[in-house]
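Below: one structure, written as structure tokens.
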């Protein structure tokens, strides 16, 4: 049964990914769409510096389930638990920014700009506003009608090894370079202890602490995440410049200071170590490859013959 479900998921992702998008999709129907979204994202980021990391994460979590169809935005109902309420997504935030952008777009261009496109454009904008690269977002996605919490099992976990990561990204038509480049999104943001605490105590039969973790940094993390931990908000920024989009994330991996096991694995594994070194050495190269991989990710599971939600939280 599980194998059949996995095969069905892969077939769905491949079939839906054949849609063709266009960077000028709204040039006639809603020419100010990107400016409206940018202004909304900018204002929200000024008031809450956590917004950029949260909106970038929202894009990843949307595209990795049913493809980039805005399904992560749908609210649960008494009959259905939606993606946003599944354990891996409980910490997703800043949905209100998408809601605000959608309300302004509905006023300017009713029933025109999809929620899926808003998420994709907002992800680009937060990267650029944080000092990262700019790229033209391909548009024309339509919104999905299905959102199931059970499908979030397909999200890559922070405990994954490189083989698991490669397979997870390959399932979505993304290669090893895409995987390493997109992992650089962890240059923004914060993680709660629950995502990395397994590295800090009773790691294995032979090691109390994950041996790939630099000892001094391990002690810092242990202090921030004591056992028992009564502070549900405790955690660690994913790199020291967590509000700036840069290549410090990769430099930290070279030092054994990746927060997630899946991050540090990129430097430990010979299949990905070279790319980590290149991105740590050359920020412009990282920016170029990240932008290209974001375009590729934005093509995953696209629905082109669907509809545009009026309210991003409720399917039409």
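Here the Cβ of each residue, glycine as well, is placed from N, Cα and C on the backbone.
Curation plays no part in TrEMBL annotations; they are all automatic predictions.
Computed from a predicted structure; not experimentally measured.
Going by TrEMBL, these are the annotated features:
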type: BINDING; residues: 62, 67, 69, 71, 83; note: Ca(2+) 1 binding site
type: BINDING; residues: 156; note: substrate binding site
type: BINDING; residues: 186; note: heme b binding site
type: BINDING; residues: 187, 239, 246; note: Ca(2+) 2 binding site
type: DOMAIN; residues: 20-316; note: domain 'Plant heme peroxidase family profile'
type: SIGNAL; residues: 1-19; note: signal peptide
type: SITE; residues: 57; note: site 'Transition state stabilizer'
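Ranking the binding-site residues 67, 156 by other CB atoms within 10 A of the CB puts 156 at the bottom. Within 10 Å of residue 239 (Ca(2+) 2 binding site), counting C-alpha to C-alpha distances, fall none of the recorded positions 57, 69, 83, 156. Within 10 Å of the Cβ of residue 57 (site 'Transition state stabilizer') there are 22 other Cβ atoms, across all protein chains.
Cα spacing between residue 186 (heme b binding site) and residue 57 (site 'Transition state stabilizer'): 9 Å, rounded to the nearest whole number.
Fewest other C-beta atoms within 10 Å: among the binding-site residues 69, 239, 246, that description fits 246.
A distance of 23 Å separates the Cα atom of residue 62 (Ca(2+) 1 binding site) from that of residue 246 (Ca(2+) 2 binding site).
Neighbour density at the Cβ, taken as the number of other Cβ atoms within 10 Å, is lowest among the binding-site residues 62, 83 for 83. The average pLDDT for the domain 'Plant heme peroxidase family profile' (20-316) in the predicted structure is 96. Ranking the recorded positions 57, 156, 187, 246 by Cα distance from residue 71 (Ca(2+) 1 binding site) puts 57 first. Residue 57 (site 'Transition state stabilizer') sits 14 Å from residue 83 (Ca(2+) 1 binding site), counting Cα to Cα. The closest partner of residue 67 (Ca(2+) 1 binding site) among the binding-site residues, by CA position, is 156; the full candidate set was 156, 187, 246.
Other than 62, 67, 69, 71, 83, the residues of this chain whose Cβ falls within 8 Å of the Cβ centroid of the Ca(2+) 1 site are, in sequence order, 63, 65, 66, 68, 70, 72, 116, 144, 147, 301. Within the same chain, the residues at least 6 positions away from residue 187 (Ca(2+) 2 binding site) whose Cβ sits under 8 Å from its Cβ are 238, 239, 241, 242, 244, 245, 246, 247, 248, 249, listed in sequence order.
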